[in-house]
Amino acid sequence: MATTSSSFPRPIGSRQRFSALLAATALGVYLLLIIGATTSLTNAAAACSTWPTCHAPADPLSQTELVIAWGHRLAAVIVGLLVAATAVTAVLGDVSSRVRWTILAAAALYVIQVGVGAATAIFGPAAIVPGLHLTLGLVIFTGIVLALAWDLELATGEANDTIDQPEPLESTAVDGEAPAARPLPTGRLARARLTAFAYFKMMKPRLMWLLCLVAAAGMALAAGPSLTVSTIVATLGGGVLAIGASGTFNHVLERDVDQQMSRTADRPLATELIPVRNAMAFGVLLTIASLATFLTINRLAAALGLAAIVFYSVVYTLVLKPNTVQNTVIGGAAGALPALIGWAAVTNEIGWPGLALAGVIFLWTPAHFYNLALAYQDDYARGGFPMMPVVRGETETRKHILYYIAATLISTVALAWITDLGALYAATVAVFGGIFLWAAIVLHFEQTESAAFRAFHASNAFLGAVLVAILVDALVLTGAVL
Ligand code: HEM
Ligand SMILES: CC(C)=CCC/C(C)=C/CC/C(C)=C/COP(=O)(O)OP(=O)(O)O
């Protein structure tokens, strides 16, 4: 990263103490949102019809609900104090006017939110507009995160931190020749093993576990406990082959530019270990195998599988990636398609829960990849790719990571709203979402490669854990949602 050589971590001055307070408030509002959603989903509010305190209900079965309702009330008080302290500091302190006004608007909405909460408790949920409390909570959270992103931009950012001239790679190809490949082993078996491993690597196996979890979560939401092993095997089999096919085409199409980048210079096509013709044949074979596998389920799954392969290989790799800074954002649609494939494999149609899951993946993708783009920005600049940190700078990229995390977290609440996902899902989103948000906030204060990798791993841990929670919730705990 460009800033690793500067004097980070920076000393925390009073300016940055405000940012830290705002960050704590953002995390607090987020946790409150999750506890609030849990209160609503578990019907815990019904266990407490008094305000501001809750009285123990006569029915001992409602004790758990009472604890959740009390937790929500206590969290609301603590977070309310944090919001108030942030608003007062914003008025008195040296902050930008858009940050100050956004915090004041959020604080005013918080007061209204307390009133709505009291009305719900005393007069019952029927007395207020459905969804008003949740919507206000989401607006408050969005406001606080926007204020945080804008404030951190000023407190920790730099005006112009784009890359003009990247350092050339020492081993860069000369006159279009491939970088010197490692000498091939002499033994036949060792050579065959090396080649087989190269074909395997072209399938981008490291991405498969998470993309398979996405498809599995789509299936689980659609089928619940009645999900059959044959549907799982065919969908994940077709998915693995489709990822392999698109990864292989990606290797073919980027073989020249891969030679310019240190992360990719040793890829089998960049080093000419595998001839282009063979790789193309492998990709076509994988595509046919994938479609044949999907067709054993239904035609919609096969059509979506083909769309994912074409979108990633052609639209993303060839059109978007070299030409627009929004490559990652639009390209996220390819990674979101497995959610629809999973849903379609069970239902033979496209449904709202599948679309909502796809929405979570779509919004998560920039928050996932921008961390890597920060860590590898010199490499991407060498390859001539207009990635966010290269053309807009690190400061802008860090801000966008926060935007997309907020959008992702909001979309996870929306997913819970239109499905029967319950407490396990809510707790997982809360814990791993909090860690993800925290890692992105730390990335502003600690502008190093290792902090960027930490946020990247937090992004994968977040999505992985949330998807596993969906699986357990839908397959074991709650049953079918259809
Ligand atoms: C435009 C969209 C995306 C871009 C540009 C992107 C980019 C990357 C890159 C460059 C890597 C490093 C690969 C390597 O060094 O071998 C990576 C790793 C990874 N990505 Fe993404 N990604 C995107 C979307 C996704 C999606 C949708 C998923 C799954 C839902 C995903 C899951 C993963 C996983 C699991 C890893 C490997 C992590 C590890 O090895 O620890 N990515 N991504
Ligand atoms: C079902 C199916 C076919 C899904 C395909 C969707 C898919 C593979 C999405 C992931 C996108 C991705 C990992 C891009 C990697 O970036 P990059 O290609 O820019 O990374 P690189 O620089 O390592 O080549």
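From the backbone N, Cα and C atoms, a Cβ is placed for every residue, glycine too.
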Of the residue ranges 37-55, 132-150, the one that TrEMBL records as transmembrane segment:
132-150
Quick one: sort out which of 166-187, 232-253 is the transmembrane segment according to TrEMBL.
232-253
Return the stretch with the most CB pairs under 8 A relative to the transmembrane segment (327-346), choosing among 104-126, 207-226, 274-294, 352-373, 401-418.
352-373
